[in-house]
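Database features (Swiss-Prot):
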DOMAIN    12-127  domain 'Guanylate cyclase'
REPEAT    343-376  repeat 'TPR 1'
REPEAT    421-454  repeat 'TPR 2'
REPEAT    455-488  repeat 'TPR 3'
REPEAT    490-522  repeat 'TPR 4'
REPEAT    524-556  repeat 'TPR 5'
Amino acid sequence: MAKESIRRRLAAILAADAVGYSRLMERDEKSTHTLLMARWKEVLEPLVGIHQGRVFKRTGDGVLVEFGSAVNAVECAAALQQAMAAANRDLPEDRAIVLRVGVNLGDIMVEDSDLFGDGVNVAARIEALADPGGVAISDGIHEYVHGRTDIDFVDSGYHEVKNIERPVHIWTWSPKDRAREPPNIAAEPPPQLPAKPSIAVLPFDNMSGDPEQGYFADGITEDIITDLSKVSGLFVIARNSSFAYKGKTPDIRKVSRELGVRYVLEGSVRRAANRIRINAQMIDGTTGGHLWAERYDRGLEDIFAVQDEVTRTIVNALRVKLTAGEEERRESRGKVDPEAYDLLVRSRQAILQFNALSSMEARRMLHRVLEIDPGMAAAHASLSIIALTDFINQWNGATPDNLTQALGLAQEAIDTDGSEPQGHYTLALALSWMRRLDEAEHAAERAIELDPNSANAYTALGTIRDFQGRHEEALALYTRAHRLDPQFDLSLHFQGRALLNLGRFDEAEVAFKRRLLLAPRSDMTRFYLACLYGRTGRHEEARGYWREVLGVNPSFSVDHLRRSLPYQDPHLMDRLVEGLREAGVSI
């Protein structure tokens with residue numbers, strides 16, 4: 001290499017490497033590679049951008065990143081490991097991508113866009129000394145960051161490392177060590193058991209012999225959760241939190257403690273041609289004892305009848321008395337066209353992928369469902385959700401006409417079956433975005449009447465009350481939603497917003513920071529944190545979080561928020577952002 005082309009500078013270097021990557025590749029090469037690339041794109045790259053770093057080399061299962069600031073490098077390393085832990089939460093241990101991360105400060109040589117020298121080499125060696133899921137840093141880095149960050153490192157002594165003459169003094173940190181977590185974001189205490197019978201339905205195992213049929217087992221589970229949720233005498237954990245255990249074999253008593261329920265339903269689904277076999281068993285999570293087990297073997301056209309039987313068995317076993325309205329709604333729903341049901345279930349999975357392409361695919365499937373069975377209210381409601389989601393995210397050429405379309409589809413769902421809660425829920429959402437808050441409030445209240453365990457409906461009503469300026473009521477509704485869906489990070493965001501509006505800044509900060517641990521790419525949560533810090537005089541932190549907002553979403557616009565968020569009193573939005581101005585942020 002030509003001498004004149006080499007420049008030198010001091011830099012902080014972050015080295016990250018996947019633990020046991022060769023073993024993962026041997027097990028499933030395609031899925032492992034796809035997952036790693038997704039983690040780099042969706043987790044690593046946004047965090048590097050937020051912390052003003054630059055990825056300068058990829059090494060198959062690892063990356064090297066340059067930072068101009070030691071503090072930025074260390075905070076990025078910790079945020080990366082916290083985000084990876086959250087991303088791995090729903091994966092079996094033998095499929096999770098776990099990283100080791102090392103950070104070093106040293107002199108580097110620069111040629112074109114690549115970096116060389118001891119500064120880089122030591123970072124790579126230090127990385128190997130980190131615990132899986134943890135961070136190791138050199139003594140030089142520690143001198144710079146000590147007292148400048150909330151992350152507490154443990155002195156791990158001197159280590160001999162390959163090809164480095166002198167022993168290296170390292171310090172280590174792991175998000176698994178609760179004692180080392182930054183203050184204000186400790187884990188939430190486990191929830192208490194409700195007074196009424198409480199249950200969580202874990203994802204049913206797919207026993208069909210075809211992994212591609214996993215969506216069908218998920219659909220059966222979701223339908224059973226939905227049916228149980230409509231029973232006012234039960235407390236039923238929402239789908240998001242139940243599905244946090246998908247692909248795992250958790251201890252039922254641990255699930256019971258984590259979700260705060262007494263009973264847990266688990267089972268399996270086997271589908272062959274147009275036949276279906278469901279095995280289900282209910283367990284007392286406080287003792288681990290089995291209460292009952294049953295097998296259902298039917299034609300696929302009787303799937304609704306099977307789901308009704310499962311629900312009825314649970315209700316009877318727990319001695320829950322149905323109201324007159326619930327008894328009426330429990331009447332047989334008759335047979336279903338197998339193709340229509342299959343498409344309906346697949347469309348739900350597509351919607352959950354939450355991108356423009358999957359939104360288009362879900363819409364196509366739902367239109368086919370309604371061609372087969374125009375009376376399927378859930379399909380109309382799902383189409384309404386898609387129209388709204390496209391509008392909010394500006395997908396698929398969305399325009400304000402999407403709101404009118406969403407409103408019409410929600411009304412069609414209600415006209416088709418007025419007892420279908422999702423129709424009223426989607427009507428509430430559409431009316432909210434159209435700034436018709438009083439009408440939206442009535443629709444959300446009706447959704448809760450029909451589905452008293454719907455975390456989504458409580459969140460919708462809470463959001464409406466928040467926009468109406470009724471923040472105490474909103475907070476109570478968000479808290480109720482979070483109890484029903486304790487693993488869903490967005491409810492923490494909404495709780496934080498209500499607390500911020502109420503001036504309860506310390507509690508709001510805790511909620512927002514807990515949310516960022518679970519959703520590290522959220523621009524909106526960072527925006528509200530920046531507003532909070534501005535209003536409480538912590539102006540440097542406010543400016544820092546505002547920079548992070550733009551790092552995650554360069555097109556973020558406060559003016560767009562003013563136009564889109566339907567606050568009944570526009571001064572509520574002014575009050576939110578005044579702290580940013582006080583911090584010197586140009587908006």
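Note that the numbers count up from 1, one per residue, in the order the chain is shown.
Just so you know, glycine gets a Cβ as well, placed from its N, Cα and C.
Looking only at the repeat 'TPR 3' (455-488), the predicted model's pLDDT averages out at 95. Taking Cβ pairs closer than 8 Å, the repeat 'TPR 3' (455-488) reaches residues 188, 191, 235-238, 240-241, 244, 258-260, 421, 424-425, 428-429, 432, 437, 440-441, 444-445, 447-448, 494-495, 497-499, 501-502, 565-569, 572 in its own chain, all 6 or more past its ends. Sorting the repeat 'TPR 2' (421-454) by DSSP state (H, G, I as helix; E, B as strand; all else coil) yields 27 helix, 0 strand, 7 coil. Same-chain residues lying 6+ beyond the ends of the repeat 'TPR 2' (421-454) with a Cβ under 8 Å from its Cβ atoms: 226, 228-232, 234-236, 238, 377-378, 380-382, 384-385, 388, 391-392, 403, 406-407, 409-414, 460-461, 463-465, 467-468, 484, 564, 566, 568. Across the repeat 'TPR 3' (455-488), DSSP classifies residues as 27 helix, 0 strand, 7 coil.
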